[in-house]
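Per TrEMBL, these features apply:
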- 12-29: transmembrane segment (TRANSMEM)
- 35-49: transmembrane segment (TRANSMEM)
- 56-73: transmembrane segment (TRANSMEM)
- 79-97: transmembrane segment (TRANSMEM)
- 118-138: transmembrane segment (TRANSMEM)
- 178-197: transmembrane segment (TRANSMEM)
- 230-250: transmembrane segment (TRANSMEM)
- 262-278: transmembrane segment (TRANSMEM)
- 268-432: domain 'O-antigen ligase-related' (DOMAIN)
- 284-301: transmembrane segment (TRANSMEM)
- 308-333: transmembrane segment (TRANSMEM)
- 419-440: transmembrane segment (TRANSMEM)
- 449-467: transmembrane segment (TRANSMEM)
Amino acid sequence: MEYLFKDISKKTFLFIILAELISYSAFIFHSFNNFAFWAVVILILALAIKKLEYGVWIACAELFIGSKGYLFYFDYKGIVISIRLALWLIIMSVWLAGILYHWARKKNLKIEFFNSKFFPYFFIFSIFILLGLINGYLSHNAYDNIFFDFNGWLYLLLIFPFYAAIKNNNGINKLLQIFSASIIWLSLKTLILLYFFSHDIYGILENAYKWARTTGVGEITQIQGGFFRIFFQSHIYILIGLSILIFYLLKILVNKQEKKEIIYNFLILILFFSIILISFSRSFWIGLIAGLIIFYIYLFWQKIKWQVIINLTGLILFSSVLGLALIILVAQFPYPHPASGFNTAELITKRAGQIEGEAAVSSRWDLLPVLWLKIKDNLFLGQGFGSTVTYASSDPRVLENNPSGSYTTYAFEWGWLDIWLKLGLWGLISYLILIGKLCIRAFSDKNNYLFLSLGLGIIIVSVVSIFSPYSNHPLGIGLLIIISLILDNKMPSANTE
């Protein structure tokens, strides 16, 4: 763990940047788009056939930076296939072919995940997912709604090839290096886009905006004057990075390690705080605050020395202030034409306190009572995938198409309530038990700071999922797969105290 953000593989970092540049170029030169997609697919297929682990690493990198999964996509007459779907098909096919080949030779099935201590919990939860699919059909929900509502959960099947490909600490360490390279690049890309948009760089803005929206990479919204909100769904992994860094700084202070270790990780902490601030995501902010509360409860529970707590608190507060300063520096950098007419600190304060009035916030609260009434119709068994709710929305995009504001959807911002509606109370409880088991394992070894940080990360994402749909999205599902894989492995002493 101590080298997680220090010895980042230059090759991994460059490959990630190259993938982003190819994605952007393919979007700009649309005739090149489908060719780029199939070229990438063929390359990934060849690598996965050579070694399944390569395919898994690429899938992880795509998950960490790809948000909705359309960094590359095939588009033919309105039929769109995302690179995330292609990756899923490739990895599952290669893994299944390997399983069948092994069975044909030795007449036995070798499925590593069956040996996981978490398998029973995933299995029980999977039963409720399957029941949700059946329930959706029996409830006569629209077939297309059922499919698009359910298909994200298929990402959970990748847990089988993940366990088959990554079997030891060496594989885990490589996975962690991919994670660190991905989220550092994600952070730098966010600041680069902030610079471009706040300085009105000619010839870039329109294409960059359309690329971000079309590929699902993120959302870029002008807030005030020349200031823009840069939000990526994949920023959720920055919160995990923050959790890891805070626990690692705790380790450095407890063990009284060299100051240069503090300085390096402190700089990364500033970078990550700036991204969480610039995302302007209240869900992220609430999740981070909840995580910090749990973190300090842990410090007092473990009877950490007051001097360590004070020093660590100073580092956290100072890095958050410098994160804000970094945003201002990028947005108002004097060359060529800096933005003006906004106060960053005031914008963040206003955003944090705005729990009503704004269209997105109002729509979310408008949905809540209607969604709860729908849940109560079948409290324990749920109404299956594809179940819809109709409510009066305040969203301008809805009002543009329907002045009455009436809006029907099967996808809801309230992540845990979405699961409750589709899978019922028993399905929700089984999911929470799974998460609880992962947290218990993570916090069971007080000397393993990586495990502790991942446990805190699970809690943070779970809190974020109250207000945003991460727990039922590949971004959240993939995180659970990766964390369970790490917790199932005994990390070497280098990662512990």
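Backbone N, Cα and C atoms are what each Cβ position is placed from, and that goes for glycine too.
Contact between the transmembrane segment (449-467) and the transmembrane segment (262-278) does not hold: fewer than three of their C-beta pairs are under 8 Å, each pair 6 or more apart in sequence. Recorded stretches compared: 79-97, 118-138, 178-197, 262-278; the one with the most Cβ pairs under 8 Å to the transmembrane segment (284-301) is 262-278. Taking Cβ pairs closer than 8 Å, the transmembrane segment (12-29) reaches residues 35-37, 40, 61, 65, 71-72, 177-178, 181-182, 184-185, 189, 207-208, 210-211, 214-215 in its own chain, all 6 or more past its ends. The recorded stretches the transmembrane segment (79-97) and the transmembrane segment (118-138) do not share 3+ CB pairs below 8 A when only pairs 6 or more apart in sequence are counted, and are therefore not in contact. Between the transmembrane segment (419-440) and the transmembrane segment (178-197), the number of CB pairs under 8 angstroms, six or more residues apart, is fewer than three, so the stretches are not in contact.
In terms of C-beta pairs under 8 Å, the stretch of 35-49, 178-197, 262-278 lying closest in packing to the transmembrane segment (56-73) is 178-197. Stretch with the largest number of CB pairs closer than 8 A to the transmembrane segment (178-197), among 35-49, 230-250, 262-278, 308-333: 230-250. Within its own chain, the transmembrane segment (262-278) has Cβ neighbours under 8 Å at 5-6, 183-184, 186-188, 190-191, 194, 229-230, 235, 238-239, 241-242, 245-246, 248-249, 252-253, 284-285, 288, 315-316, 319-320, 322-324, 326-327, 348, counting only residues six or more beyond its boundaries. Counting same-chain residues at least six beyond the ends of the transmembrane segment (35-49), those with a Cβ under 8 angstroms from any Cβ of the stretch are 19, 22-23, 25-26, 55, 58, 72-74, 81, 83, 86-87, 90-91, 94.
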